[in-house]
Amino acid sequence: TVTSHCFLFGLLPDLCSEEMEKGNHSEATEFILSGLTDCPLFGVFLVVYGITLVGNGGMIFLITIDPRLHTPMYFFLSNLSFCDLCYSSIISPKMLQNFLAERKSISYTACAVQLYLSVLFADVECFLLAVMAYDRYVFCKQLVAGVYAVGFVDSLIQTCFTFRLSFCSSNIIDHFFCDIPPLLAISCSDTRINEILMFAIMCCTGVGSLVTVLLSYVYIISTILQIRFVEGRRKAFSTCTFHLTAVVLFFCTLLFMYLRPTLNYSMDTDKVASVFYTLVIPMLNPLVYSLRNTEVKDALRKAMNKLLTNFHSVLV
């Protein structure tokens, strides 16, 4: 199984071959995702995923077609929407399928791919939220390219290290998708190196990005305090609070999940935390960044009027 994984990614061959020489390979050919099984939740998560698709897809569409939104800030927002769209789509379809399936299985290779992509887009989201603080810079495309490059490398390293482990005692993952902590929890190998690696990388990506974001908000708040008009200051604080709440919720649940030893792994608590940073935040981001944004609302109104006009002309 390790051979197929190494062939799939085509990278770090020395790492994989060294592990196979030791004979430490996984006996599992598939995993069972037993994290969320309550059928009534199917409708809730279907609605959440639908709102995520419409909200983020709509943001990308509006920013693409409206020249007024072709600015550094909206360039980053369109990339954030794309990231949220991908992040949710990596997890939600399989999770929704498992609600209705009698056998809630995922193949070894599919689990590796899901882990790789989920780590990739979690990293990308962390870094995007950080670099959005520098939306006045002219190097927007280079910043986004760098964000994805770091995400690709980090997710590759963590995926290879995770799937070098043996899963000989159990293949039942008490989670709704393939994530690092629940996989470490069911491994019969020594996971200390994996835990150290996960902690170190998350300190760099998660904590580093959060500190960068908080510093930018300190500057924003200090600027807001200089606004003389009470009404203008109130509106600015309100908008800032919405943005900051969504950002802090994402980072706190993500860091809660990854910055704890496997011994402290709590199945139910971690599932709730994962729901927030993988499903709820991607749904909320387009609402937070658009509903209180005059330019986005004007672009939406303009697009809707144009659509209705075209529809009316077709009928006539």
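Every residue gets a Cβ built from N, Cα and C, even glycine.
The annotation domain 'G-protein coupled receptors family 1 profile' is assigned in TrEMBL to 55-289. Residues annotated as transmembrane segment in TrEMBL: 41-62, 74-93, 113-134, 146-167, 196-220, 241-260, 272-291.
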Within-chain partners of the transmembrane segment (241-260) [C-beta distance under 8 Å, separation at least 6 from its ends]: 122, 125-126, 129, 179-181, 198-199, 202-203, 206-207, 209-210, 213, 217, 270, 273-274, 276-277, 280-281, 284-285, 288-289, 292
Listed stretch, out of 41-62, 113-134, 196-220, that has the most CB pairs under 8 angstroms to the transmembrane segment (272-291): 41-62
Residues of the parent chain within Cβ reach of the transmembrane segment (113-134), under 8 Å, 6 or more residues beyond its termini: 8-9, 73, 76-77, 79-80, 83-84, 86-87, 90-91, 94, 106, 143-144, 146-148, 150-152, 154-156, 158-159, 162-163, 177-180, 183, 205-206, 208-210, 212-213, 215-216, 247, 250-251, 254, 277-278
